[in-house]
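Notes to accompany the following structure.
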Amino acid sequence: MGPLWFCCLPLALLPLLAAVEETLMDSTTATAELGWMVHPPSGWEEVSGYDENMNTIRTYQVCNVFESSQNNWLRTKYIRRRGAHRIHVEMKFSVRDCSSIPNVPGSCKETFNLYYYESDFDSATKTFPNWMENPWMKVDTIAADERFSQVDLGGRVMKINTEVRSFGPVSKNGFYLAFQDYWGCMSLIAVRVFYRKCPRVIQNGADFQETLSGAESTSLVASRGTCINKAEEVDVPIKQHCNGDGEWLVPIGRCMCRPGYESVANGTVCRGCPSGTFKASQGDEGCVHCPINSRTTSEGATNCVCRNGYYRADADPVDMPCTTIPSAPQSVISSVNETSLMLEWTPPRDSGGREDLVYNIICKSCGSGRGACTRCGDNVQFAPRQLGLTEPRIYISDLLAHTQYTFEIQAVNGVTDQSPFSPQFASVNITTNQAAPSAVSIMHQVSRTVDSITLSWSQPDQPNGVILDYELQYYEKNLSELNSTAVKSPTNTVTVQNLKAGTIYVFQVRARTVAGYGRYSGKMYFQTMTEAEYQTSVQEKLPLIIGSSAAGLVFLIAVVVIIIVCNRRGFERADSEYTDKLQHYTSGHMTPGMKIYIDPFTYEDPNEAVREFAKEIDISCVKIEQVIGAGEFGEVCSGHLKLPGKREIFVAIKTLKSGYTEKQRRDFLSEASIMGQFDHPNVIHLEGVVTKSSPVMIITEFMENGSLDSFLRQNDGQFTVIQLVGMLRGIAAGMKYLADMNYVHRDLAARNTLVNSNLVCKVSDFGLSRFLEDDTSDPTYTSALGGKIPIRWTAPEAIQYRKFTSASDVWSYGIVMWEVMSYGERPYWDMTNQDVINAIEQDYRLPPPMDCPNALHQLMLDCWQKDRNHRPKFGQIVNTLDKMIRNPNSLKAMAPLSSGVNLPLLDRTIPDYTSFNTVDEWLDAIKMSQYKESYASAGFTTFDIVSQMTVEDILRVGVTLAGHQKKILNSIQVMRAQMNQIQSVEV
C-alpha cells in the first residue's frame, strides 16, 4: 500500500526545491574550548577528539557506568533563534555497547535525553535553570542505531550515529539545549543547531522570496508570489506554501507573459517579442512571425502594423495577412434597350488578397450637352441593387431618354474604407434611346357637378421628352372598358362633360411624346353629383358668398385704418418691426381655419397676453429640486409639477432673478405668451407660469438630454445616419408648424433645440432674440444694425436689412443640419464673424461634414440659396426628409470633398503634415489636442511612428469616442498618402 500511495501522490504536493538551512550553532567550528556548563562536575567532560574525517574537534564524553546515582547534565551556551519558529538539532555521537563492558551493572544505559529551555536573554547560571526535567522541555530520548565494543576500539573502528530532532514553536529571543545522561557510556561528537526556510524560487511565472518554515512539522505557511517582469496573474492570486521542513508545496495560480512578451529561460523571464514577431494575447505561447505585408516597429509588439498600401479590416484577426484594395473590374460590356441598361464585367485582376470582393455602381447623368455630370436621381432603379453586388452584372432601368450617362463600376473589399484613396473602377459611357413617357402617377378631382367632372394630374416622373398632349379615357364603372370614350388635352387639366348624374366613372390618362404614347395610369374612380347634392351645395354656398363679400369689405376698411394709424405714428417703429406686425394682420386669410400667431407686443398691456395664452399655476404645485443652468433672466432648474387631479410630472423651471425691472419682467413673460400659443410634438410645451408669487416662473416640459449641440458633442459618432435624419425631420416639422402660424423664430440653432430621452428634438427659446441688445457677454451674437444677431446662423438679408422671415429661418435650419451631421461642430469653425459675412457674400458655403450623405448636403445648399424665394419651404423639407427615411439607400452616397454644385465650398481639408514641426501641432490642427499627453506617454512622438498607427493603437492611447477615432484615422491616412507622394518624388 505504501509504494502505491506514493505513486499516486498529487504532483502539486511534491517539493519543488530543497530547503535552505540556516545554522544557529555548530560545535565543530569551535577553535577553542566549547565551555558548556556541566552538572555535576564529575559528569560530562570536554575533550579533544576526531571526526570521521580525522579532523580535530571538541567533544563531550561521559562514562560513569560503575558509579551510583548518575544524572549528568550538559548545557549549551545561549543560542539566538533569529526569527525561526521551529528549531532542528543534528547530533553526532557514539555509544558503548553495555554488554561489551565487563562486570557492568544492570543500570547501564545506551540512550540520552535532549531538552531545551527558552529565554529572552542569556540568563543561565550554574544553578538556573534547575537541573531537572521541569523547567526544561524534553524533546526526545535519543537512542543509538550502532554501538561500539571493545573489539571496535582495538581495531580503531568508529561507529558514529547521526540523529536529527526538531522542536517548536519557539517564541522567545533564544534558548539553551541540554543533554542528560543516565549511566551511559558515550561521546557527543558534534552538535549543529539550525532552522529551515523555503528558498527563493521562480515558479509558474512568479517570484517567491525566501520564507521561514512554520512552527509545526505539518505547518503550511502561505507566501504570495509576485509576477516576474512583463507577466500578469491569471485566474486567482498566485501563491505557494512553505511546509515545516522548508519545502515549497501546493502551488496555486500562475502568471503568464503579457501580450508582446514570450516566456524564456525555463519560464523565469518574459522577453519582448523580437522585431518582426508579435504575440497578441497573454499566455505561454511564444512570439510568431508577422503575417505577410506587415511588420513591427519595435520589440514587444502585440500586433504587426500593415506596410504602406496594405490594410487590415476591423473584423480581421491580428494574425491575418494585411491586404490591399482590389484593382479595377475588367472587360465591361453594356447593352442599352431604350431607357434600360444591362452591364456585365469580369472580376479585377487583383482582388487585393481578400475574398470579400463586392461591386458598387455609381450612376452619373451628363445630360445632352457638355456640362458637368451629376449623380443620378432616386428614380433610377438598380437590380438586384446598386451597392454591394456579389455578381459581376446589373440591370438598370427608368433612365431618361436621349440622355448621356456615365457608369462607374467600383471594386471594393473589406479594406477599401481603410485606404485614403478612392476605389478602383471601370467606367462606361452610354446614351439612352428614344422612349415613351412613363405613366402618370396620380389624378386629382378639382371639381364636379351633376353632369361634369374636372380632373388634373402631375406630369409623368419620366417624360422622356417634350409632352405633346394627354389622352384621357373614361367609362361608366358598371360598363365594359370597350365602351370607353377618349378625350385629348394639351394640358394636365381637363373637364369631362355630358356625364350622367350620380354615376361613378373610371378614368385613366396617358402622356404622348414624339416617341408615342406612354402607359395608361392606374384606374381612378370619380362620381358626379346627384341632383339632391347639387341643390344642397348651392344653398350652402349662399351664406358663404354673402359672408365673403362682407369679409372683403371689413378687410378693406381694416387696411385703410392701419394705413392711417401708421401715418399718424410717423413711422415711429423701424421698418422691420412694422413689417412683422403688419404680417400678423394681413396674412390671416391665407390659411383658412389655421391658427395664427399673435405677437404679445401688439397688446397694450402685455400682461393681458400672459393671462390669455399661459395658464397660471399655484406655487404650491411646484417643487424645485436642483439648478441645472443659468438663463438670460435668472436660473434654470429642474423639478416636479403636481396639479390637482393629475399625475406628477418632471418639468424645467425658468426663474426671474430678484431685483428685476418691470421691463425685464414683461420681457421674461413674453416668452410664455409666445410659447403658450403653440401645441406641436416638436415644439417645447408650456405647462404654465407663476406670476402671483416670487420668484416669477415659466414652467415647461423637461428635456432630459438638454441642448442638441452639447448632446451631439457628448455622443460624437454614436448615431446612425437615419437617427440623425430623424432628429432633423423633427426640427423641420416643428418649424413647419411655426411657419404655418406665421411665426418667425429668428434664432434657430442647435443650441436652441432641446432633446428628450427618446431623441425627439423640440424647437425652443422663443422671442429672446428681440432682447439680445442688452446682452454683451455672448460672442455668438454680434452687433448689426442696432441689434444683436447670431451671424453664423443668420441669412444674409437678415444680417444686412434685419429682414427676418420664414425663409431666413430656412437658412438657419440649413446651418442646424450642418451642426447635426458634424456632431455639434461650430459652423465656420474659427473664422471671425466678419470673415463669415464676407465668405457668404462671395457665395461660399459650408462643405459637407465627414460622412455626410450627398442628398443631405444638397438640401443644406438649397437652404442657403442667396435668393430667399429659391429656398425650400419647411413643408417641402419635411417631405424630402420623409423620402430619405423611407428610402435609406438614398443616404448611402457620400458627399464628395469637391461637390459638383455651382456654389464654391469653404476649404476645411486636412493640411499637409509637413507644415507642422511636432505631433502636438498636428493634433492642434485637427482639433484633437486633448490627446497630446496620451500620444507622448505612448511613444507616438514622430510622424513616422504616427503614420503607422492602427485602430488598436488609437484605442491604446485612450481615444474611445468613435467620431474622434474616425477623425484621427482619416488624418493619418492622408498623412500616409502625403508621405508616399513625397517618397515617389524623391525617387
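Each Cβ is built from the backbone N, Cα and C atoms, and glycine gets one as well.
Since the structure is predicted, the reported quantities are computational estimates derived from the model, not experimental observations.
Per Swiss-Prot, signal peptide is recorded for 1-19.
The annotation topological domain 'Extracellular' is assigned in Swiss-Prot to 20-544 on the grounds of sequence analysis.
Taken from Swiss-Prot, the feature domain 'Eph LBD' covers 21-203.
When secondary structure is read from DSSP and collapsed to three states, C63 (disulfide bond) falls in the strand class. C63 (disulfide bond) counts 16 other C-beta atoms within 10 Å of its own C-beta, drawing on all protein chains shown. Summarising the annotation, Swiss-Prot assigns disulfide bond to C63-C185 (among others) and lists similarity to another entry as the type of evidence.
Residue environment of C98 (disulfide bond) contains 19 other Cβ atoms, counted within 10 Å of its Cβ in all protein chains. C98 (disulfide bond) falls within a helix when secondary structure is assigned with DSSP. Marked as disulfide bond by Swiss-Prot: C98-C108 (among others).
When pLDDT values are averaged over the domain 'Fibronectin type-III 1' (325-435), the model yields 88. Here Swiss-Prot flags 325-435 as domain 'Fibronectin type-III 1', drawing on sequence analysis.
For 436-531, the entry in Swiss-Prot reads domain 'Fibronectin type-III 2'.
Feature annotation from Swiss-Prot assigns transmembrane segment to 545-565; the stated evidence is sequence analysis.
Under the heading topological domain 'Cytoplasmic', Swiss-Prot lists 566-987, citing sequence analysis as support.
Annotation source Swiss-Prot lists domain 'Protein kinase' at 622-885.
The number of other Cβ atoms within 10 Å of the Cβ belonging to A630 (ATP binding site), over all protein chains shown, comes to 10. The ATP binding site annotation in Swiss-Prot covers I628, G629, A630, G631, E632, F633, G634, E635, V636, K654 and is backed by sequence analysis.
According to DSSP, D747 (active site, proton acceptor) is assigned to coil rather than to any helix or strand. Annotation comment: Swiss-Prot describes D747 as active site, proton acceptor.
If you draw a 10 Å sphere around the CB of K892 (ubiquitin cross-link), it holds 14 other CB atoms from the protein chains shown. Under the heading ubiquitin cross-link, Swiss-Prot lists K892, citing similarity to another entry as support.
Per Swiss-Prot, domain 'SAM' is recorded for 914-978.
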Other CB atoms, at most 10 A from the CB of D747 (active site, proton acceptor): 24
Feature contact check the domain 'Fibronectin type-III 1' (325-435) with the domain 'SAM' (914-978), CB under 8 Å, 3 or more pairs: yes
Helix, strand and coil totals (DSSP H, G, I; E, B; other) for the domain 'Fibronectin type-III 2' (436-531): 4 helix, 44 strand, 48 coil
Cα-nearest neighbour of V636 (ATP binding site) within the listed disulfide-bonded residues, C98, C108, C185: C185
Per-residue Cβ crowding (10 Å cut-off), top of recorded positions C108, C185, I628, V636: C185
Inter-residue Cα distance where the pair is C185 (disulfide bond) and A630 (ATP binding site), in Å: 104
Residue counts (helix, strand, coil, in that order) that DSSP gives for the domain 'Fibronectin type-III 1' (325-435): 3 helix, 50 strand, 58 coil
Separation of alpha carbons, G634 (ATP binding site) and C63 (disulfide bond) (Å): 109
